[in-house]
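**Student:** This structure is in structure tokens; I'll ask about it shortly.
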Amino acid sequence: MNSLALLDPHEQILGAPGFDDNVSHGCKCWLLLYYRKSSSQEPELYSPASPGPQQEPISTYFEEKVPIPEDDMTKLFSFRKLWAFTGPGFLMSIAYLDPGNIESDLQSGARAGFKLLWVLLGATIIGLLLQRLAARLGVVTGMHLAEVCNRHYPTVPRIILWLMVELAIIGSDMQEVIGCAIALNLLSVGRIPLWAGVLITIIDTFVFLFLDKYGLRKLEAFFGFLITIMALSFGYEYVRVAPDQAEVLKGMFVPYCSGCGPTQLEQAVGIVGAVIMPHNIYLHSALVKSRDINRANKKEVKEANKYYFIESSIALFISFLINVFVVAVFAEAFYGKTNMEVSLQCNETGSAHSELFPANNETLEVDIYKGGVVLGCFFGPAALYIWAIGILAAGQSSTMTGTYSGQFVMEGFLNLRWSRFARVLLTRSIAIFPTLLVAVFQDVQHLTGMNDFLNVLQSMQLPFALIPILTFTSLTSLMNDFANGLVWKIGGGLLILVVCAINMYFVVVYVTALNSTVLRERERVFPTGKKILKIVNDVWRCLIALGVSRLDFRGSVQYPPSVLMDEQPEFDS
């Protein structure tokens with residue numbers, strides 16, 4: 001079948017003039033969508049015809065399909081069906097709770113107080129709208145984003161796109177694995193070094209990834225358990241610190257930042273960059289394939305889109321609350337604090353980490369490691385260990401979903417036919433080596449700069465996910481009745497433009513700051529080098545003046561008159 005046949009009740013347009021000009025060649029090769037008129041039922045949406053031998057369909061990573069209960073489809077809402085569709089949205093929401101996001105949250109609270117909570121809320125809503133597009137693509141077409149890209153793009157652009165997405169996954173994976181390693185270091189009171197924590201995380205990730213062998217629902221339940229641990233851990237910190245609820249609500253719903261400067265602006269941009277992650281679009285479009293949906297029935301597809309959107313909304317609402325817990329804790333307890341105040345408090349409580357905070361009046365700088373330390377100094381050891389448990393749950397869960405993203409991306413772009421273990425081993429290995437290098441050569445207390453760099457790396461890859469998802473979900477030839485309308489096309493385009501612009505600004509700010517640091521280091525090192533050269537030159541001239549004339553290679557040293565008139569001293573052999 002080399003054409004796309006659209007059978008209308010009034011007209012068959014397969015052979016209509018201009019049809020081949022208006023339908024993309026990639027669509028005609030694999031997609032057969034048509035309407036059939038029936039007096040007894042609604043028009044049905046038929047799924048793609050079976051591709052030929054050269055276009056064998058790519059199987060999903062999940063071998064199991066979760067059945068959907070057969071309730072009355074005329075009902076507006078069914079909790080049984082919502083429960084059946086619950087799972088993919090919560091796995092997707094874990095990317096909003098990874099260690100990179102947690103670090104962005106605590107820095108936002110420590111640097112801007114409650115003033116940027118509205119930015120976090122806005123970024124989460126934008127993320128929900130983008131995830132809606134990803135879910136709809138998977139539900140309507142039965143293919144995830146990487147598979148659609150594989151079918152539509154020529155070889156070279158497809159390989160470039162795959163490499164860009166892989167870079168984003170590697171950057172995210174490094175943050176997540178290092179976050180787990182930091183949590184293990186805190187829980188062991190420093191006995192487990194960073195590199196050992198990385199190896200432990202990699203090994204247990206292999207173990208957990210094969211939980212779906214015992215059933216997909218059990219795997220989803222395990223992710224739900226990890227999210228519950230995060231909610232309880234960071235919720236405990238929230239109750240323990242007891243932030244001002246009025247300030248929390250004001251910061252959340254009043255889009256204003258009084259007295260904010262460049263530091264707060266950069267933090268706001270960083271929040272958007274940390275929340276909206278490119279690989280998560282690919283992940284969500286694949287996860288929705290795990291439900292047994294009859295795509296030949298238009299009503300079932302419409303119903304699946306509805307329940308997936310409700311489930312994603314609930315999942316992202318929970319992730320938003322957890323993020324708010326972290327921001328509010330550090331806003332209430334550490335906003336405006338200086339290194340001196342924290343250092344004195346840590347010394348009073350006998351903390352072994354008081355040397356992390358220099359005795360000066362500079363504003364406190366925290367990351368997920370120092371954040372746990374200062375919580376322990378101000379609110380007791382329990383706060384430190386519970387914080388570390390929450391970070392461990394965040395890192396472990398996001399590491400697993402990041403690995404799944406790697407499976408789907410490789411499966412779609414490269415059309416891999418490897419075994420499950422081989423695919424997991426390959427995608428794990430891609431991130432293992434750079435992460436181990438960082439763990440071996442970086443101290444646990446100096447990883448904030450690495451986190452910023454990895455956020456920048458992911459920000460640069462964001463257009464390679466957002467532009468394709470908006471493009472494909474807007475194609476009527478691909479999505480049929482479920483294609484984006486004019487409002488979604490214009491609104492989604494503007495939304496993606498804004499998000500990409502914000503992320504590019506974050507990249508520019510980071511690179512500018514990096515260049516400034518390099519220049520400062522050069523200015524610091526260069527005078528020292530000049531002093532050393534001057535000393536060497538003085539010693540050289542002195543030796544020549546004392547009679548070691550063989551060092552005067554060019555005869556360029558002018559001796560003082562007193563030296564020229566006096567007899568040169570004789571040196572004993």
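Positions of Cβ are set from backbone N, Cα and C atoms, glycine also.
When I checked TrEMBL for this same protein, it listed these features:
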- 117-139: transmembrane segment (TRANSMEM)
- 192-210: transmembrane segment (TRANSMEM)
- 222-239: transmembrane segment (TRANSMEM)
- 268-287: transmembrane segment (TRANSMEM)
- 308-331: transmembrane segment (TRANSMEM)
- 373-394: transmembrane segment (TRANSMEM)
- 425-442: transmembrane segment (TRANSMEM)
- 462-482: transmembrane segment (TRANSMEM)
- 494-514: transmembrane segment (TRANSMEM)
**Student:** The transmembrane segment (268-287): which same-chain residues, six or more beyond its ends, come within Cβ distance under 8 Å?
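**Tutor:** Cβ under 8 Å, 6 or more out: 60-61, 87-89, 91-92, 95-96, 100-101, 103-105, 107-108, 112, 116, 119-120, 123-124, 126-127, 130-131, 133-135, 137-138, 144-146, 165, 168-169, 172, 257, 312, 401-402, 404-405, 408-409, 412, 452, 455-456, 458-459, 461-462, 464-466, 469, 499, 502-503, 505-506, 509.
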**Student:** Select the range from 222-239, 308-331, 425-442, 494-514 that forms the most Cβ-Cβ pairs under 8 Å with the transmembrane segment (192-210).
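**Tutor:** Top-ranked stretch among 222-239, 308-331, 425-442, 494-514: 425-442.
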**Student:** Need a quick answer: max count of Cβ pairs under 8 Å to the transmembrane segment (494-514), which of 117-139, 222-239, 308-331, 425-442 is it?
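**Tutor:** Result: 117-139.
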**Student:** Taking residues 6+ outside the transmembrane segment (462-482), which of them lie with a CB under 8 Å of any CB in it?
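**Tutor:** Residues packing against the transmembrane segment (462-482) from afar: 4, 23-24, 27, 31, 33, 45, 130, 133-134, 136-137, 140-141, 145, 148-149, 152, 161, 164-165, 168, 276-279, 281-282, 285, 298, 301-302, 305, 488-489, 492-493, 496, 499-500, 503.
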**Student:** Determine which residues of the chain contact the transmembrane segment (308-331) at the Cβ level, with the cut-off under 8 Å and only residues 6 or more beyond its ends counted.
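**Tutor:** That would be 82, 85-90, 92-94, 96-97, 101-102, 105-110, 112-114, 116-117, 120-121, 124, 127-128, 131-132, 135, 139, 227, 230-231, 234-235, 237-238, 241, 243, 247-248, 251-252, 284, 288, 366, 371, 375.
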